[in-house]
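Trainee: Below you will find the structure I want to go over with you.
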Amino acid sequence: MKKIVFTGGGSAGHVTPNLAIIPYLKEDNWDISYIGSHQGIEKTIIEKEDIPYYSIASGKLRRYFDLKNIKDPFLVMKGVMDAYVRIRKLKPDVIFSKGGFVSVPVVIGGWLNRVPVLLHESDMTPGLANKIALRFASKIFVTFEEAAKHLPKEKVIYTGSPVREEVLKGDREKALAFLGFSRKKPVITIMGGSLGAKKINETVREALPELLRKYQIVHLCGKGNLDDSLQNKEGYRQFEYVHGELPDILAITDFVISRAGSNAIFEFLTLQKPMLLIPLSKFASRGDQILNAESFERQGYASVLYEEDVTVNSLIKHVEELSHNNEAYKTALKKYNGKEAIQTIIHHISEA
């Protein structure tokens, strides 16, 4: 029986692509383990999947000054020792890393044990963890073809993003019943990220009188961002977040308005949903969402509205453009085969 160790954490985006791959390896009878941090979100997610989880010390890698930067390098070194010992006991054939600060000690620990390390980078440019880890990796899978120019060419393999199977199995009829929507009007699903997005939420609600004339709206507004005055608004359903219902909601969705996190937009791409992307500004991020969104716009998958340009009028204008050019977007979206990502990654894992 072949063995694999997965790692990645710090945010759900560094975990969910692993969950897309794991079921296929289970079918092939791989022995699967996961190494993450003591209290990260990856621990909560992975333990629900009935996968052996081993925690290690980890220090956060920051690009800015913080007093914790003095202590955290020592935590990283302890994490490397923890990971080295754990990997020596597990004796995996390969390590697959999805990035995030906890992955660095695991990658180095694997390299010290002479275990092949495969990385996956979701964004156009590598995050700090993967920048450090890539020198210890034998291969790095990229979601965007353009990412190759930022990485050692001899290690890069373009795959796209692995998408969880359950996302593709939504039920339109269940969504209609859950939302109380009509079949007669198209549906727009609006997602501002797990914490929501204040400017997007406010602008969407101001635009409702105009939008609801033609569309039904599902608004995932983030924790603490519900507007009680709109709870009974016909054609408008708001949620802090949804879990099991999301595939059904996406099945009934005609257009998506969203941030431009890589994992989410590749789910929309695989589902062939035209998108209006409002990426996080450079003031709130390292600019990766802007690059992601602009790549999708160039390929005809999405329209981009920059956060500083968001107004009621600009939002309505971009929604109308999505609707008017729906067929052109659909034609472009059909060119992408999302299933190839998992197949390619599984092939290289098996060959490692």
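One-based numbering along the chain as shown.
Cβ atoms are placed via backbone N, Cα and C, with glycine included.
Since this is a predicted model, take the numbers as computed values, not measurements.
According to Swiss-Prot, the record shows the following:
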type: BINDING; residues: Ser11, Ala12, Gly13, Arg164, Ser194, Gln289; note: UDP-N-acetyl-alpha-D-glucosamine binding site
Trainee: Near Ser11 (UDP-N-acetyl-alpha-D-glucosamine binding site), which residues of its own chain have a C-beta under 8 A away, given they sit six or more steps off in sequence?
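Mentor: The answer is Ile41, Gly100.
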Trainee: CB neighbours of Ala12 (UDP-N-acetyl-alpha-D-glucosamine binding site) within 10 A?
Mentor: 15
Trainee: Taking the Cβ of Arg164 (UDP-N-acetyl-alpha-D-glucosamine binding site) as centre, how many other Cβ atoms lie within 10 Å?
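Mentor: There are 20 such Cβ atoms around Arg164 (UDP-N-acetyl-alpha-D-glucosamine binding site).
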Trainee: Taking DSSP three-state, what's Gln289 (UDP-N-acetyl-alpha-D-glucosamine binding site) in: helix, strand or coil?
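Mentor: Once the DSSP labels are grouped into three classes, Gln289 (UDP-N-acetyl-alpha-D-glucosamine binding site) ends up as helix.
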Trainee: Let me spell it out: for each of the binding-site residues (Gly13, Gln289), count the other Cβ atoms within 10 Å of that residue's Cβ, using every protein chain shown. Which one has the most?
Mentor: Gln289
